[in-house]
Amino acid sequence: MKTQTKNESKFEFFDKLMNKKRSFTANEDQLVVSLDTNEMESLDVLDAKTESILRASTSVNLEEGFAIIESSTVNSDTMSATSLKDNKFVANSLPSMVDEEENTHYFMPDEFTVQFKEGISEKEIVKILKKEKAEIIKKQKTEGYYTLSVPEGKGLFETITNFNQIEEVEFSEASEIGINDELYVPNDPSFSKLWGLRNLGQTVDGVTGTNDADIDATLAWNYERGDKNVIVAVIDTGVDYTHPDLRSNILPRGSEDWNFASSTSKSPMDGGTHGTHVAGTAAAVDNQIGVMGVAPSCSIMPLRVNLTSGKNANRADAINYVATQARTHRSKRYVINCSWRMSGHHTGVYYAIRKAVLSSNVVVVFAAGNANNDINITPQYPAIYPEVISVGATDQRDRKASFSNYGKKVDVSAPGVNIYSTVPGSGYSYKDGTSMASPHVAGLAALIWSKNSSLTNKQVRKIIETTTDNIDAKNPGFVGKLGTGRINAYRAIQATPINITATLIRSFNYPQTNSGSSTGLAYASSIRVHPISWFPKRSALLFVTQKAGSEKIYYLDPNTGNVLKAVDPPANNTLGSLTWDGSYIYGANVTTGAGKINKFSSLSGSVISGINVPSGRGEGLTAVGSYFYYSTISRIYKIKKSNGSVVRSFPAPGGACHSIAYGDGYLFFGNTNTGKISILKASNLAFADSIIVPGSSPKRVDGLAYNSSNNMLYVANQKKNKIYMMKVNF
């Protein structure tokens, strides 16, 4: 039996987490009725009055024990207010509540939720509940989070206020029902084009699109398609995990409970179509059938909640579940997609979101809503929370979708009209809504993390928001209210620095002990070592280090460091760096003020020619096509190989550069002072990443060489007289 609560005339409580009072006005047109379902289940046949209540309900959930009915129905001839109150299956009733922002809330009249502070034991919790005479209705799936019954004879708001004054309580609030919170506009056109991923101006549902009014997904896929360790958590109506376009991307569930909508099953199978459609847009498989998601090689974690008549506490549980997984599996990355709304602020859901993003490996994305409202004026929850990425919808002409919410609190926009995606039963359909826009952004966040998992959630968000295409010109009535623009996956992936790591393979000793100030390294993929012309060429690691009276260029076996050959260039004691361009050895003069690069014969070491270059110690040199990158320690010069003229110059990364190498489209700059190698993209000199050299202190980078065929980087340390061989992982 449920407790009997008292009627209250004052509907307010102090929100402990948000530190503000929340006040409500009763909407007598609607009633939330708490049903004693245990009594119902004991009968084979319900009486006519009870059946009349259930039939008249706009929403009913017998498992959760509630119905929402219109007061006009209650006051009809077939059912009076008195008969409702006297019905033995009706425990309590409460009008729906309207908050200060004019959002309508559906509170259970005899239930409330409590989140206890971390570290409070179950024994302590039981003691508190016994003292307050509050029974546990449900222990939520989040640690320390409970749905409780209002004590006998007490009021709902009175009880919440009382619990928020208890020291051990993080917050307490009403147990709230979410009604019809899916954010899509039903649509069923007969066409088959994923214009949101690639728009060539094709006609969609009678409307000719605008070329490139898309997220440029096909261009982004040339660089990144996803990683299984990046997980898109779809908190929705569930997902048809057997769908042929989804199943190979579905994360194995094991014995985990992924059904937050029901206590009778752990399966997250879709109870409608919404969640499956959302999942397909985010991460449908690239398998030559059906459709393809924005992040086709990422994993999907389907978490089922009830979006039509479920409780918000269960949605908080689902978000908290992902946050717990993220804290447990630090090496994985999680993107939570929520294509749904709430009827106003809910402390439990907000607390869950806030906790989730405290883990730097979680991004939360929410649909902005479909009411065509300015959410700065008419707030849309949870989309307006600053911790989430709020997504508006665009059509195939880059215009704001007619239904899409807008405002300064919308962060970005994405395609959300005529979106073709997966639905249960191996099928596909078209849907409209910010529900469909949100997974485009979630998929993009997953792509970014797939390229570089070392980024924080704040960095991922910044990349998404700063690489959009500005669409204000196409939406003159909404300038500055569609976020930073419509997302562009290609630009976002291009702006994402790569995550580069290096693994030490082995090290070998210098063939000649250094007794000066410089060491040069270069990798030659095919060089003549033997003087006989028909003898085959081979790969070699070219090495030079300063030693008074004996400065030789050594040809080393790249795998063992064994000496294959040595030549003695005529200009002893002057070489600070080496490079190989496929035909010749080049060396930069290290003598201060010399400013010279010489070309040497690979057979004899004799000087063939030389060019004058900017003066300074030539500590770094590498050949890239018809150019050299040349370092004078504090500055890098890009110069023409033919005559030494400077094309451009820029400060050395990190303030100093003592060695340079090139390979796989990247320039590697070594800083001996810090033991750090800065890696820049050669095409635009954008910073990509940095790595610290191996070995004990002092860590130095006196020479660099790179073998593109196997991604092997060689690092010289002249204080230790060692060469380190490292595998670079992009």
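Cβ atoms here come from the backbone N, Cα and C positions, even for glycine.
Within the model, the domain 'Fervidolysin-like N-terminal prodomain' (98-173) carries an average pLDDT of 96. Annotated domain 'Fervidolysin-like N-terminal prodomain' per TrEMBL: 98-173, in sequence order.
Positions annotated as domain 'Peptidase S8/S53' by TrEMBL: 227-483.
Annotation source TrEMBL lists active site, charge relay system at D236 (among others). Secondary structure at D236 (active site, charge relay system), taken from DSSP and collapsed to helix, strand or coil, is strand. With a cut-off of 8 Å between CB atoms and residues at least 6 apart in sequence, the same chain places D270, H274, G275, V278, A279, P302, L303, R304, V305, L307, N337, C338, S339, W340 near D236 (active site, charge relay system), listed in sequence order.
Residues or ranges marked as active site, charge relay system in TrEMBL: H274 (among others).
Residues or ranges marked as active site, charge relay system by TrEMBL: S435 (among others). DSSP classifies S435 (active site, charge relay system) as helix under the three-state reduction.
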Counting across all protein chains present, how many other Cβ atoms fall within 10 Å of the Cβ of H274 (active site, charge relay system)?
26
